[in-house]
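Annotation source TrEMBL lists transmembrane segment at 42-67, 73-92, 171-196, 208-230. According to TrEMBL, the feature domain 'Palmitoyltransferase DHHC' maps to 128-254.
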Amino acid sequence: MKSPVHRFRDVERQAACLQMEQQQCVSVSKATSAPMWFVRDACGIVCGVITWLLVVYAEFVVLFVMLLPSKNLTYSIVNGTVFNSLAFLALASHFRAMCTDPGAVPKGNATKEYIESLQLKPGQVVYKCPKCCSIKPDRAHHCSVCKRCIRKMDHHCPWVNNCVGENNQKYFVLFTMYIALISLHSLVMVVFHFLYCFEDDWTKCSSFSPPATVILLILLCFEALLFLIFTSVMFGTQVHSICTDETGIEQLKKEERRWAKKTKWMNMKAVFGHPFSILWFMPLTRPGKAHGKAESYQYVV
């Protein structure tokens, strides 16, 4: 076996190799710096736009087909307020998940000077990502779409055009939860509206013609059922991933657990903030400092 000194020399040799690529790494870092996080991926942008259009379509059918023509003013006000509030929270969560840095490792920092500034102890090893020229912390993985290494990367989601990682997992969980809730709410209202139209004259239950009303309601029912199933599964998967403190990639690759095990409640606070409050459910607020949250950089010994 190698002694700690020999292993430290191996690190020094790696640093010397990285010095040869220093200029390349610095040029990459300058070329990719941007004031706002946004992934320029055509597929992701299209999926993000489709997500907003589907919510707008549901908003149109709920308001102009079911609520405004209703004779019960209280029913319209209550359901309109609930649906619009959930829709706003869903779109706000989607925007924050899409435009928040998921935990990208600084690009092009794999230089000799930076490694020396880390003051590594003998036996500590740093890993360099050859694709984005950055020092790769423990539990970070490279995303081929974002072209960056992401801390605690769970997966890349085209529907939010971003990776789900350490900094935006809260917003992604809220997005799936609120989409599931408005989908369920839409389904319930569609059922009640169909029953109302069957009991009353179809020409009086909507401002549209009976065939157009039926088509609009069926399309909304299909959309709501599809996304209710999809987002409910994603929400449950994300909550399970948070409670076990194991990302989707780590579960898929069956990676060896090298980090400290914490309670489920501590893992939840690490994502949503500390202490527990109604702000957990607000996409407009950033998670506060949580007890037990991992450091930005950890190196495998």
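Each residue, glycine too, has its Cβ placed from N, Cα and C.
In this chain, the transmembrane segment (208-230) lies close to the transmembrane segment (42-67): three or more C-beta pairs between them fall below 8 angstroms, excluding pairs fewer than 6 positions apart.
The average pLDDT the prediction assigns to the domain 'Palmitoyltransferase DHHC' (128-254) is 91.
DSSP places the residues of the domain 'Palmitoyltransferase DHHC' (128-254) in helix, strand and coil in these numbers: 72 helix, 19 strand, 36 coil.
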